[in-house]
Amino acid sequence: MRCLVVLLAVFALSQGAEITRIPLYKGKSLRKALKEHGLLEDFLQKQQYGISSKYSGFGEVASVPLTNYLDSQYFGKIYLGTPPQEFTVLFDTGSSDFWVPSIYCKSNACKNHQRFDPRKSSTFQNLGKPLSIHYGTGSMQGILGYDTVTVSNIVDIQQTVGLSTQEPGDVFTYAEFDGILGMAYPSLASEYSIPVFDNMMNRHLVAQDLFSVYMDRNGQESMLTLGAIDPSYYTGSLHWVPVTVQQYWQFTVDSVTISGVVVACEGGCQAILDTGTSKLVGPSSDILNIQQAIGATQNQYGEFDIDCDNLSYMPTVVFEINGKMYPLTPSAYTSQDQGFCTSGFQSENHSQKWILGDVFIREYYSVFDRANNLVGLAKAI
């Protein structure tokens, strides 16, 4: 079955079927923008909510801490309405709702971004239902409607979309993305909302019920592909991992080792593959073990710094997933900015789940197979 998945997806690519490629560009992170405006320290001090709150929201109210998006840098273009209005969105496999700012939102965050005007769209229909997503320091309030969303060559009609009427604080003011397009399972979506990719599948708008993500380390060639697997973005073979809970893209990690010694996830643990989270997030005790092993030291805001001169001496961290080893070298799990190096590992106090974000996806081409509820991983080029 797994070989058939690859053959069909690659065949579809070669035949030029409904294959949709969305170039992702690497923009300025929210962290860097806040730092430039002198707001980063205040933001970090005010964040009281753990990463895991993103993974506990159901019904009309969802919870997503802003720290999830602090280092996100990969964004793409979509178009909403008739005639189309352009938006930059974060494609997020860790959530399922789709929302953009609207003209009814007067907060600074909305004023600094593209705002959707439903009055100018002949295809917009007001659903008359509220949407609320909690973001640590406040809530995004909005309304739900239907409209046509265009993603590259796909025209997706009658798509539910959230239109924000209020966005929290000033933090989103400096984000390079306007809105968020969730790509997790429909069980995570707000009430009355259908995820964009589900609507595409239901209307047979994609060649295969899967999508794949390549995140270029330099940000120049990053790509989201809907309906196909593109072998030009990886080397070797794809290895398949069963989804254990059909809410997130969740699977079992066997262990995390350094030099053959288990340092985290002993006996196995659950992990989520999440394009909307930038770092590698895990339980506090596990992350502390890893930070100590790689020589990272905690700063006053709870983040971990690394001496850039030590990168060549630091160990490789290996994730074992479904019997396959996925090594991460120091250059993969650290980031460097203006002479400062930071660990790509982040602790979470309130969850035993791991979150494998962009740090992992940059190293491993990722396939999200809804038809068979599998995740495919291969070494990225």
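For all residues, glycine too, the Cβ spot is worked out from N, Cα and C.
Per Swiss-Prot, the feature signal peptide maps to 1-16; the stated evidence is experimental evidence. According to Swiss-Prot, the domain 'Peptidase A1' annotation covers 74-378, on the basis of sequence analysis. Among the features that Swiss-Prot reports, active site is placed at ASP92, ASP274, with the record citing experimental evidence. Taken from Swiss-Prot, the feature disulfide bond applies to CYS105-CYS110, CYS265-CYS269, CYS308-CYS341.
Structure coloured by features recorded in Swiss-Prot.
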| residue | record | Cβ neighbours (10 Å) |
| --- | --- | --- |
| ASP92 | active site | 24 |
| CYS105 | disulfide bond | 22 |
| CYS110 | disulfide bond | 23 |
| CYS265 | disulfide bond | 22 |
| CYS269 | disulfide bond | 18 |
| ASP274 | active site | 29 |
| CYS308 | disulfide bond | 12 |
| CYS341 | disulfide bond | 19 |
Using C-alpha positions only, work out which of the recorded positions ASP92, CYS105, CYS110, CYS265, CYS308 is nearest to ASP274 (active site).
ASP92
Collapsed DSSP category at ASP274 (active site)
coil
One should report the C-alpha separation between CYS269 (disulfide bond) and CYS341 (disulfide bond), rounded to whole angstrom, as 28
Cα proximity to CYS105 (disulfide bond), best match among disulfide-bonded residues CYS265, CYS308, CYS341
CYS341
Measure from the Cα of CYS265 (disulfide bond) to the Cα of every one of the recorded positions ASP92, CYS110, CYS308, then give the nearest.
ASP92
ASP92 (active site) and CYS341 (disulfide bond), distance between Cα atoms, whole Å
26
Rounded to an integer, what is the Cα-Cα distance in Å between CYS308 (disulfide bond) and CYS110 (disulfide bond)?
38
